[in-house]
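K.L.:
As annotated in Swiss-Prot:
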- Ile24, Gly25, Lys26, Gly27, Asn28, Phe29, Gly30, Cys31, Val32, Lys45: ATP binding site (BINDING)
- Asp138: active site, proton acceptor (ACT_SITE)
- 169-201: region 'Disordered' (REGION)
- 360-426: region 'Disordered' (REGION)
- 446-471: region 'Disordered' (REGION)
- 451-471: compositional bias 'Low complexity' (COMPBIAS)
- 650-679: domain 'IQ' (DOMAIN)
- 691-927: domain 'DH' (DOMAIN)
- 994-1021: compositional bias 'Low complexity' (COMPBIAS)
- 994-1044: region 'Disordered' (REGION)
- 1031-1044: compositional bias 'Low complexity' (COMPBIAS)
- 1114-1145: region 'Disordered' (REGION)
- 1117-1137: compositional bias 'Gly residues' (COMPBIAS)
- 1208-1229: compositional bias 'Polar residues' (COMPBIAS)
- 1208-1311: region 'Disordered' (REGION)
- 1230-1245: compositional bias 'Low complexity' (COMPBIAS)
- 1246-1257: compositional bias 'Polar residues' (COMPBIAS)
- 1263-1276: compositional bias 'Low complexity' (COMPBIAS)
- 1277-1287: compositional bias 'Polar residues' (COMPBIAS)
- 1290-1303: compositional bias 'Basic residues' (COMPBIAS)
Amino acid sequence: MVGGLPNSSLWNIEYDDLVFKDIIGKGNFGCVYRGNYLGVEVAIKQIPSFDDPDYCKYTEREVKALRYIRHPFVVHFFGACKHESGFYLITEFIEGLDLRRYLKSVPKPPKWLSRVNIALGVAKTFLFLHSKNLLHRDLKSKNILLDISRNQIKLCDFGFARVGSQYSNGSDSSSSEDESDSECVNGAAGGGGDDVYKNNGNGKPANYRLRRMSICGTPSFMPPEILLQQKYDWSVDVFSFGILCTELITLKRPGKDYWVRSQNNGFDINIEELNVNIPSPNDCPIQFYDLALKCCSYKHTNRPMFSTIVTILESIKLQLELFENQQQQQQLQQQQQLQQQQQQQQQQQQQQQQQLQLQQQQSSESSSSSSSQPLVNNNNNNSNCNNNNFNNSSNNNNSIANNDSISNVSTTTTSIPTTTTTTTTTTTTTNNITAINGTSNKYLQPLSKHQQQQQRNQNSSIIDNNSLIGSSNTESMITSFSISTFKERKKQSLNKLIRANTINILIGQQQQQQQQQQQQQQQQQDNQSSSQNQLIEREGVIKLDTTKYPNGWKEFGIDNSTNKIWIIYQSNIIKIGSNNNNNLIEMTCGTIIKLKKHSITLSIVDSNLISGANIINVKSYLKDYPYVNKPIKVNQQQQQQQQIITNNYELNLIIKLQSRIRGWLVRRRYKIFLSNWKLNNSNTSQSNKNQWIRLFNQLISSELEYKKQLDQVIKSYLLPIQSKFRINKPLLNYKEIGSIFSNIESLSEIHNELLKIVNQISKSPFFIMNFENEKDDRSNQNNTSATTDIFGDSSIQFTNISINTKDSSNQINSITQFIVKNISQIKNQYGIYAFNFKYSTNIYNWCRLNPDFSIFCDTIRSQLNQQFPDQENDLASLLSLPINKIQKYLLVFEKLAQITPITHSEYKDIKSAFTLIRETSNYIQSQLEMSFEHSHIMSIDIMLQKKDNQSLMQSGRWFIRQGQFTELSSNKQYYLFLLSDICLITKPIKSKSSKYNNNNNINTNNNNNNLTSSATQTNSNKDLSTSINQSTSNANSDNSGNNNNNLINSKYYYRLKTIINLKEEVSMRINPDISNGVLFIGPNKTYKWLLPNDEEAKDWVNDFERTTILIYRNNPNGGGSNNNSIGGGGGGRGGSGNNSNNGSIDLTEINQIHHINNQAIPLSSSNNNITNNNSINNNIIMNNNNNNNKDTEGKGFIKRFRLSFSAGTSTPERKTSLVNMSPSTTSSLNNIDSNYNNNNNNVTNTPIKSVTSSPSIHYTPVNDNNQQPQLPSQPNEEFQFTVPTTPSDKKKKRGSFSSKLKRLSITFSKD
C-alpha cells in the first residue's frame, strides 16, 4: 500500500474503471489526462517513475493533503490507483483555464471586481489551510483553476504541501531534512527557538517541536528566505499571494516580464519596476495595490495574515460593487431619459404632420376661393397680397412635405417691460415661418431655401443622434474624456433679445421687398439673410467640478485677460460609416461674457453645440492654437522651388535617375568583387583564395564544435544539478552552482546568435563565392565542396542572393560584422568568465570531495564518453574551453588580415575585427591574472558559514596561510585562515551526503600524512601542486571504482566563530610546555593549540609575526580598534599608511626577513638559490630555537618587533595553490600564457564585476590607484591556497546524544 493512503478500499480505484482521454496539462512529475471514472468527468494525474523516492515523497504529501481537505475552493479528491504503467491520482475535473492562461488569452482586461473576487477566493482558501496548519508552498497562477460554471476558483497541485506545517509531534513521516540539529530542535512555546516559529499559520502559539523544512516551490513566486536557504514559516504563502496579486494588477508573468530577481539585492523586489509594468489607464484600487506590496515585504514579520487579507479584500469588493451599482443606475437613468426624449420627438413629429395636413387643406381652399374672386377695387390689394404670400408659404410647405423633412420646434418666451405697454415676443419656426408678436400676422414671412436646408440638416442630425446615442461606445467616450457639460441659458439677456428682434424685423422687410425683384436678386437676398441669420448668438454656461479642478479655469490657461476661447466638444451628430459609427469631435469659438473661478458664461454661434453636449477641453484662442490662417509672405525663389517640386513629371524623372545611379554603383561593386578573385597565372592569388576559404571553413566548423561542447556543459551538467536543487535533492547549493558554472549560459547565447548569423549569410555569394556569372566550372565545384565541408550536406544548393545596399548599415552581412558590432558584449562576458575561472576551479575541486557530486560527475562523463569517445567530456576540461576561445579567434583573424586583399569588400571589417579581438584577448589575460590574485579569498568566502552576507573581498587584503588546529583542553578541532589583516577562527562542519554520511569511521591518517608530506615539501621548496594532484588522482580512481562503500565524504564547510583583527594586541608563539604546540594570545582570550608537527608550528609563528609587523609598519600610529567585522582592518600590501613608502618593498629586506623567519625564497628564485637558502635556514632554525628559549621568552610584542625590525621586514609571500587542477586546465593556462607573451601590450588591469549566471555569486575586486594589490611577476604564477585537510580522528566522549551529533570533521583536499 502506498504511504499516505488509508487501509480501507474507499480511496482505492481500479485501473479498469478509468477511461483516458486527451492530455490537458504537463508538469514536473507527469502528465494530466482528461478522463472518466464511473460516469463522472475527472482529471487523472499520471506519475510514471513512482519508484523514485523523491516522487514517492511528494506524491505521499499530495495524497495526504487532498484526502482530508474538504473545501469548496479546493479540487475534490476521488482516490488513487497503482498500476504497472505508473501511479495515478484522480481528482475533480474543472471546465476552464488556469489563471495564467486566462490572463494571457483574455482580449480585454477583466474588471477589477472580478480580479478582486479571484484574490478573495484564494485568500479564503489559504485561511482555511493555515488554520489546519498546512503549508502549500507552491502558490502560483498555474495552480489556480477557474470554474466558469460556478464562477469560483479551485486550488490544485498539493505536491509541495506540508501537512502539519513545521510544527509537528513527530507523526509527519515525510520530512527529508536533518531534524537533529541543535539549533532547530527548540520548543516554540518554551521560549527557545527563533521568532519565526513562535506562531502557527492562523496566528496562534505553537506547542509542538520545530521541524526544519526543505527548499521547494517556483523561483519567481518564492520568498527571499527560501532562496537564501533560511528558516521560513507560514508567511511564504503570503509572499506568493502578493506576487499573484501583482500578476492580477499587471496581467504579466512575474519572473519573466518583470521582477526577474537575483541575489544582487538579496532576491528583493523593485517597486518602480512594478509601476512601469502596470497597463494604462492605471485605475487599480489603491487599497489592492498597497495590499499586494505589503504581502511582498522582504521581512516575513511585516507580511499580514490571511485573516487580515480577507477582511481588506472584502472591503475592497464592497466598494467596487457599490461603484458598479451606481454606474448601472446612471446608465438606466440615461436610457430612460433618451427614451422619453424619443417619445417626445415622436409626438412632436405627429403634431407637425397633422398641422401640415391642415395647412395644405387650408391652402388648397384659399387658392380655390381666391381664384373665384376677381380683383375689383384697390381695397382688396392687401388681402390679395397676403393671399399670395400665403400661397407661397403653402407651396413651400408642400415641398417640405414631399421631401419628408420635419422641422424642430423651439419656443423661447420672455417679457419685455416698456413705459407704456407690455408685449410678449415669441419666436417659432413651425411650418417654416418666422413669427414675431404672434398675435398679428403682419410679419409672417416664409423662410428662404438656404434656411430650409439648414433646418433639415439640424433636424436629421438630432433624430439620428437620438436613435444612436444609447450605444456603449458613446457612453464610454463621454465618461472617459469629458471635463464638463454645456448648458444653454433659458433666459437670454435683454440686449440679445432686442438684437434678435430687430434683426428678424429687418429680415422680414427685406424679404417682402426682394420677392418683387428678379430671380438674380433673389439669390443675393438668400445669401444675405442666411449670413444675417448666422449672426444670431446663444448664451451658455460651462461649470467645472471643484474637487477635480481646485484651481478652476487657471488649469486651462484662462484668466481675466482672455476674451475668446476654443471649445472642443463631442457633437451629437453621428457620422455613419460603412462598418461602424463614430462620434465626431468638433471645435468652435466662443466669446466670454462672464468668468468665475469654476464657471464661465459665454456666447456661441455654432448650432451643433446644444445643451447637454460633453465638453472635452477648453483652451485660449490665440496661445494654444497659433495655426489660425494668417497671411504668409512667400519669396519668388520659394515659389519657383515649389513649382519645380510639384511638377510630377520632373519629380518622377529625378527618382528614375537616382535608381539608375544606385543600380550602376551596385553592379560596379559586384564586378570589383569578382575581379579580386579571378584566377590569374600567379599561384599566389590562388593559394590565398584557397587559404581564405579554408580559414573561414575552419572558423565555422570550430564554432559548431564549440557550441556543441557548451551545450553539453549546460544540458548534461548544469541543468540536472539545478533540477536536483529544485526538487529538494541538491548536490550543490545555489552559490556553489553559480561559482562553478559562472556565466557559461550567457556565452552559449552569444554563440547561438553567431550560428544564426552563419546560417543566414551562408547562402550569400559574398560568403561562398558561388556566382551565376562565374563561367569557370572548376571554381563552382570547389565552392560546392567547400559548402559541403561546412554543413555536411552536398544536396544544399546555394543561390545568388544579392545584398540590400540600403540596409547594409543596419544589417549584419558577415561573421566579421557580427564580431565588430557585438565585441563589447563578448569582451564583457568572457572577461567575467576569465576573472572567475581560477575561483571556479577551486570550488569545483572542493565540491568533488563530496561523493554524491563526484559520482554524478563520473557518471555523466562515462555516458558522454560512450557517445563522444573522441572528445574531452570531463567537466573541468569543458569549463576550460572558453578561456582559449578568444585566442583561437585571434590566430584566425590575424591570418585573414594578412591574406585578404585591400579591395575586398570585407577587408575593413576583418581588419577592425582583428584589432578588437586583440584588445579583448589582452583584457581577458589581465582578468585571468587578477583571478589568481583574488580567487583564494573568494573561495574561502563560499566555504564559510557566517551569519551576515558580508564579503571577505577588500582592497589591500590577500591570503597568507591556513591550517588545522586542535585545542588542548577540549580536544576540539579548529581551522584558521590567516589573511593580511585579519585571522578567521572557524569550526569544520561536514557537508551532507545521502549515501555516505553514516560512515562514522573516517580514516584520516592518510590525510594527515599528506599534510606532513606537503609541509616537508614546503620547506624544500618543491612544487606543492604535485602532491595534491597525486592525492586527488588517487581519490578519483577510488571514486570511479565499482566499490562505492569505500567512498568518504571529505567536503567540509567552516562555521565562523571569531574574527581577530591583527591591528589589536595579538601574538602567536611556540608553547614551551608541549611539543608541536602554539600559544595564540588574543585581545580577550588565550588559545592553546596543537599542530601536526613542530615545523608547521614554527611556520605559523613566523608568518603570523611577519604579518603583524607589516601591519604595524603601514599603520605606525594606529592602534587596533575593537572591530571584529569581516570588513575591518585595512593593513596589507599597498595599505593606506601615513608614509608614502610603506607600499614599496626592498629586495634585500625580503631576503633578510626570509632568513630571520626560517622561510625559503619565493618560487620565482632558481634552484641553486633554493638549495643554498635551505642550508642557511637549517642553521638559523637552531639559532632561532635557542633565541626563542632564552632571549625572546617572556618578551612582548614591541620587543620582538624591534628585534625583527633591525633586520628589515617584508610582506609574507603569497604561496602557490595546492588546489588540484586537471591536466586540461593546466595546459589551457599554459597556452594562454604563451600567447600572451607573444602579444604583450600595455593593458590596464581594470577589474570587472563578476556577474555569473543565476544563481550566481558577485565579486567586485577593488583596483584603486592608491591601493593596488601587487600582481605576480609572471602571468602564470600561482598563489598557495591549500585545500583544508581532514582533522585528526581523536574522539572525545560525549555526555548526551545531542552533543554526539554536534561532532563534525573536516576535509578539503581530496578530489
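Glycine too: its Cβ is placed from the backbone N, Cα and C atoms.
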K.L.:
In sequence order, which residues at least six apart in the same chain have a CB under 8 Å from the CB of Ile24 (ATP binding site)?
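P.N.:
Sequence-distant Cβ neighbours: Val32, Tyr33, Arg34, Ala43.
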K.L.:
Near Gly30 (ATP binding site), how many other Cβ atoms are within 10 Å of its Cβ?
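P.N.:
Taking every protein chain into account, the count is 21.
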K.L.:
Say we define neighbours as other CB atoms within 10 Å of the CB. Which of the recorded positions Lys26, Asp138 has the fewest?
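P.N.:
Lys26, out of the recorded positions Lys26, Asp138, has the fewest neighbouring Cβ atoms within 10 Å.
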K.L.:
Compute the C-alpha separation of Lys26 (ATP binding site) from Asp138 (active site, proton acceptor), stating it in Å without decimals.
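P.N.:
Cα-Cα, rounded: 16 Å.
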K.L.:
Determine, to the nearest whole angstrom, how far the Cα atom of Gly30 (ATP binding site) is from the Cα atom of the residue listed as 'active site, proton acceptor'.
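P.N.:
Given the Cα positions, Gly30 (ATP binding site) is 16 Å from the residue listed as 'active site, proton acceptor'.
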K.L.:
How many neighbouring Cβ atoms, not counting its own, are there within 10 Å of the Cβ of Val32 (ATP binding site)?
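P.N.:
For Val32 (ATP binding site), the count of other Cβ atoms within 10 Å is 19.
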